[in-house]
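Q: Sending over a structure as structure tokens; questions will come in a sec.
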Amino acid sequence: HPCLAFFMFVPASLVGLLLPRIIWGLSEQSHFWGAFGLYSLVTLAYMLAGLSGGFLTFFISMSLLLGRFISSISRKQLGQQSPKSLFGYVIPMIPCLLYCLYYGGFLIQFLIEKMGMMGSLPKPYGHFVPDIIVGAMVGLVVGWCFGPLAPIVSCWLAKASILHGFLQITVVAMAVSSQVFPYSTGAPKRVVLQHTFVTDASNIVESNYGFSVVDANSLEFVFNNAPEAAKWLKDNSELSLKEKYRSDRSTWVALYPVPFLFSGSLKFPAQTEEIRKHHQHFPQLVVQKTSSNNWNRRVHLQLSLG
């Protein structure tokens, strides 16, 4: 449920942006030049590193200067506290803020989907490392989208009661996210199933079902929340999560490099009669001959696809 990430991380990010105004009592002018200096330094770092991502912070810096210039003119004519002077600051930033919102929203959506596949990390790291990465990215995007407005709106928002409200929203969202089932029809649990046959010529040496998952919730989670899967396995084989049923990663080489995302995999014995109804001959790889010449070795192989 990606929306939970916004409720957990956006209020906390807003608190981080407003805290300097409360802690150091910054004036609006100091807050503005501090924000402008930060975005300018980030742009300079991108340029010196030869990276192209600095266009976004450059766009923000130029919008800040334009908004400051128009706001200062309107304040001289309309007064310091006039709402029109606020509009004079915000309106020049609308194109920049809309683009930052679009770009940041796409980036967060992409990142959340990929972090949902962080299954290769051992427990308990697979549960909270993706949240840390998503939280850092959400904080960065909030800095893009709200940071340019912070110098002028923080005089209304930088209050202890508002910050407490943001923190309470964060705590409630964390409590709700720990109780809500993490998957939906739009973003289902990713389960990998393969039916593997090990053959020798026309004989079946071994047949098994391989199960694995590509996120932090293990196979025990699947069997506890999908009783039909457990029942199907019991009807066809022995359902067990013991160590002897753990499968090696080498059995998943056909999906390389996806198996590196697996947090663990199991294999269960499967019946072999079914495949005989459809295949009389199986793929076979035979070494025809080998020849050596100095330090070179040539191997001739014959592959029959059955």
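The chain as shown is numbered from 1 upward.
Glycine is no exception: its Cβ is also placed from the backbone N, Cα and C atoms.
Because TrEMBL annotations are produced automatically, they should be read as predictions rather than curated entries.
Not my notes, these are from TrEMBL:
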TRANSMEM  6-24  transmembrane segment
TRANSMEM  55-74  transmembrane segment
TRANSMEM  86-112  transmembrane segment
TRANSMEM  132-158  transmembrane segment
DOMAIN    187-304  domain 'Endoplasmic reticulum metallopeptidase 1-like C-terminal'
Q: Near the transmembrane segment (55-74), which residues from the same chain, at least 6 beyond its ends, have a CB less than 8 A from one of its CBs?
A: 32, 35-36, 39-40, 42-43, 46, 82, 84-93, 95-97, 99-100, 103, 144, 147-148, 152
Q: Take every residue in the domain 'Endoplasmic reticulum metallopeptidase 1-like C-terminal' (187-304), average their pLDDT values, and give the whole-number result.
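A: Summarising the domain 'Endoplasmic reticulum metallopeptidase 1-like C-terminal' (187-304) by its mean pLDDT gives 78.
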Q: Just to be sure I understand, if DSSP states are collapsed into helix, strand and coil, how many residues of the domain 'Endoplasmic reticulum metallopeptidase 1-like C-terminal' (187-304) fall in each?
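A: Output for the domain 'Endoplasmic reticulum metallopeptidase 1-like C-terminal' (187-304) reads 35 helix, 46 strand, 37 coil.
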